[in-house]
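Asker: Feature table excerpt (TrEMBL):
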REGION    1-34  region 'Disordered'
COMPBIAS  8-34  compositional bias 'Polar residues'
BINDING   93, 98, 173, 178  Zn(2+) binding site
Ligand SMILES: [Zn+2]
């Protein structure tokens, strides 16, 4: 997984031309990583988080705040946090440890370029593409305007949904493939907090397809019971 530096573009052409169907899931058989129990569901871990803030209040649209502005500022913040977090685990996510970008339930995330070509790539490469794609979007003044009086583009909500899909997959890969390293580093309370915040925010604002989150529904329910 990449660091928190600037990422090169995933493709030479405009990556915003990617469509949601371009980033697809494929079941490609059993991965040895996935045969073991799901340690992240164990009670002694699932109850760990770094704050006991009211997450529902934290994610709801504050009165008087423009919804697009609220989505934009949170998107930027989630990207920064998740990018930083994944970079802390990057030494454990290599082409040899993670030859495919696998997620919960033996899902394999396949990157599709803007020419419709599916790229079988390792997890670090997949998430490099993802972070690069997101960073390009966030720094595009036409998509995430920062100047006073600017307006958000028509497809803004759709692009935010794509960003949240990729951020969700980043955390899903960590839970599925790097949870033991996360525990060893003592990062599991941070991971749970980020994940609760992301999934609650996504639910409040309809940003993630339930089909995408289904393989981690057990974790989402277990963490929700702690709130
Ligand atoms: Zn990995």
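Each residue, glycine too, has its Cβ placed from N, Cα and C.
Annotations in TrEMBL come from automatic prediction, not curation.
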Asker: How many other Cβ atoms sit within 10 Å of the Cβ of residue 178 (Zn(2+) binding site)?
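Answerer: Cβ-Cβ neighbours of residue 178 (Zn(2+) binding site) within 10 Å number 24.
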Asker: Return the residues near residue 98 (Zn(2+) binding site), defined as same-chain residues 6+ apart in sequence whose C-beta is under 8 angstroms from its C-beta, sorted by sequence, else 'none'.
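Answerer: For residue 98 (Zn(2+) binding site), the qualifying residues are 122, 123, 124, 173, 177.
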Asker: Validating a neighbour-count step here. Other CB atoms within 10 A of the CB of residue 173 (Zn(2+) binding site): how many?
Answerer: 25
